[in-house]
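I have placed the structure first, in the form of structure tokens, so that the comments after it can refer back to it.
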Amino acid sequence: MKVVYFLAAILALTSSVVSAYDPSPLQDFCVAVKEKDGVFVNGKFCKDPKLVKAEDFFIHVEPGKPNPLGVAVTPVFVDQLPGLNTLGISLARIDFVPKGLNPPHTHPRATEILIVLEGTLYVGFVSSNQDGNRLFTRVLNKGDVFVFPIGLIHFQLNVGYGDAVAIAGLSSQNPGTITIANALFIANPPISEDVLTKAFQVDKKTIEYLLKQNWYDTN
């Protein structure tokens, strides 16, 4: 009987881990089509396989226009490339001007692996509270690769003298992005100033100042 309980526990644990990531495809491909009105699914509807074309798996990516933080993130997720549907992967091109910053953010549904194509980046991530919020950083040059574990806050800063370019691979067709400053200071509806004041242990004037700043979306 103990063996049965043990096997049941293992199966439960395995199923919970598997369900935390994109589902495995049950056919060769499932090219995304737009949802029908009033119907929502965990992912995208599939195009009829007989109507799928090579164009469903192709996209050309141009450098984006940097925002005031000096970074342009150009996503290639399932919304941009329908052929990614159910495949559990995506990527983003990240262009930096000198001193450009991809600010602290997290991807709730994906691990990220980054390769530097040009320039020099200072990158890092912070571990969870349970791990003591340890900071892991590295200066990356052309050809260097760094991994940001799923759900952990991370960032990239161009510390070189010229522009920098990187490609980020992500383990989800729709990884999601939560930019920390945006989530806190431009939430809709706004988070109570009392909550923010107590959480950051500062006076209300500081919070009011932060709430008035321009917080930029980086996808």
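From the backbone N, Cα and C atoms, a Cβ is placed for every residue, glycine too.
Automatic, uncurated: that is what TrEMBL annotation is.
Now, the feature entries from TrEMBL:
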type	residues	note
BINDING	ASN102, HIS107, GLU112	oxalate binding site
BINDING	HIS105, HIS107, GLU112, HIS154	Mn(2+) binding site
DISULFID	CYS30-CYS46	disulfide bond
DOMAIN	59-208	domain 'Cupin type-1'
SIGNAL	1-20	signal peptide
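Other Cβ atoms within 10 Å of the Cβ of ASN102 (oxalate binding site) number 28 in total over all chains. When the Cα atoms are compared, CYS30 (disulfide bond) and ASN102 (oxalate binding site) turn out to be 32 Å apart.
With a 10 A radius on its CB, CYS46 (disulfide bond) counts 19 other CB atoms from all the protein chains. For HIS154 (Mn(2+) binding site), the Cβ neighbour count at a 10 Å cut-off comes to 22, with all displayed protein chains included. Other Cβ atoms within 10 Å of the Cβ of CYS30 (disulfide bond), summed over all protein chains shown, number 22. Listed in chain order, the residues near the Mn(2+) site other than HIS105, HIS107, GLU112, HIS154 are THR106, ALA110, PHE125, PHE148, LEU152, ILE153, ALA168, PRO175, THR177, each with its Cβ within 8 Å of the site Cβ centroid. When Cβ neighbours within 10 Å are tallied across all protein chains shown, the highest count among the binding-site residues HIS105, HIS107 belongs to HIS107. Residues of the domain 'Cupin type-1' (59-208) grouped by DSSP class, helix first, strand second and coil last, total 25 helix, 57 strand, 68 coil.
Residue pair HIS105 (Mn(2+) binding site) / GLU112 (oxalate binding site) shows a Cα separation of 12 Å.
For the recorded oxalate site, residues ASN102, HIS107, GLU112 set the reference point as the centre of their Cβ atoms, and the other residues of that chain within 8 Å of it by Cβ are ALA92, HIS105, THR106, ALA110, LEU114, PHE148, HIS154, GLN156, ALA168, LEU170, PRO175, THR177.
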